[in-house]
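> Relevant sequence annotations retrieved from Swiss-Prot are reproduced here:
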- 45-50: motif 'PP-loop motif' (MOTIF)
- C120, C123, C211: [4Fe-4S] cluster binding site (BINDING)
Amino acid sequence: MSDNADTKKRTRLNKLQKKLRRETGRAIADFNMISEGDKVMVCLSGGKDSYTMLEILRNLQHSAPVNFELVAVNMDQKQPGFPEHILPEYLEKEGVAYHILEKDTYSIVKEKVPEGKTTCGLCSRLRRGSLYGFAEEIGANKIALGHHRDDIVETLFLNMFYGGKMKAMPPKLRSDDSRNVVIRPLAYCREKDIIEFSALKEYPIIPCNLCGSQKNLQRQVIKEMLQQWDKQQPGRIENIFAAVQNIAPSQLADTRLFDFENLEQGQQQGGDQAHRLDVVNLFG
């Protein structure tokens with residue numbers, strides 16, 4: 001690579017890193033994701049998103065106003081051909097504390113899912129359950145996942161189109177069993193920025209299709225639809241994500257969120273600004 005090309009690469013990399021760091025820091029602050037003394041288990045799959053998340057969190061760790069610990073965890077699901085040496089070599093080179101959790105979920109998935117069907121749903125549920133339990137074992141009180149803004153918007157449309165729910169992917173949540181707090185520090189980050197950043201960093205990417213599973217076709221349809229929208233009208237995806245944070249229950253039709261029954265008695269106000277959702281602190 002010529003000196004000029006190398007300079008351009010470093011300049012672009014620094015610009016992207018600053019942007020991703022700024023957006024991640026804002027998400028952490030907005031949703032109170034990390035507090036003093038937290039031990040954050042960073043789930044590392046070997047894909048672009050989790051590598052980027054680990055890099056940015058390590059970067060923020062040096063300048064954050066609170067002290068917190070990071071530990072990377074990868075789950076070896078015993079998929080044929082899984083390059084088990086890649087992540088340990090990378091993490092040791094970077095000086096990152098890590099654990100490799102070995103669980104043969106691959107055999108379970110192959111047994112339960114018919115040939116040719118998408119295995120991603122069951123695979124992710126098994127992986128999630130194992131990781132949640134392991135977080136307790138190592139004393140981690142936060143679990144960081146690498147989902148980004150595009151994942152959140154895609155999930156919103158997946159649930160609307162195929163599930164009849166207006167439900168996305170929250171930046172912070174308590175797991176169903178109430179044992180774990182899950183955070184998504186990349187919630188404000190664009191996938192295209194992560195793709196470029198990952199390519200410039202030349203991370204040793206591990207492909208996610210070693211199992212031979214078909215792609216999640218429903219998610220792929222949504223992704224392509226959103227990409228087309230973004231080409232036709234730049235900024236549309238940003239507006240959709242903003243809408244997830246700007247909900248007016250009185251303008252929807254969920255009687256659990258708004259008391260339409262008592263509207264005539266004046267006990268409820270109408271209008272766009274009426275009865276915005278009260279935010280409650282679920283995490284103490």
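Placement of Cβ uses the backbone N, Cα and C atoms for every residue, glycine included.
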> Would you kindly list the residues that approach the motif 'PP-loop motif' (45-50) from elsewhere in its chain, counting only those six or more residues past its ends and only Cβ-Cβ distances under 8 Å?
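Beyond its ends, the motif 'PP-loop motif' (45-50) has Cβ neighbours at 74, 86-87, 146-148, 186, 194-195, 198, 203-206, 208.
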> Mean pLDDT for the motif 'PP-loop motif' (45-50), rounded to an integer?
95
> Take the motif 'PP-loop motif' (45-50) and count its residues per DSSP category (helix H/G/I, strand E/B, coil), listing them in that order.
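Counting residues by DSSP class gives 3 helix, 0 strand, 3 coil.
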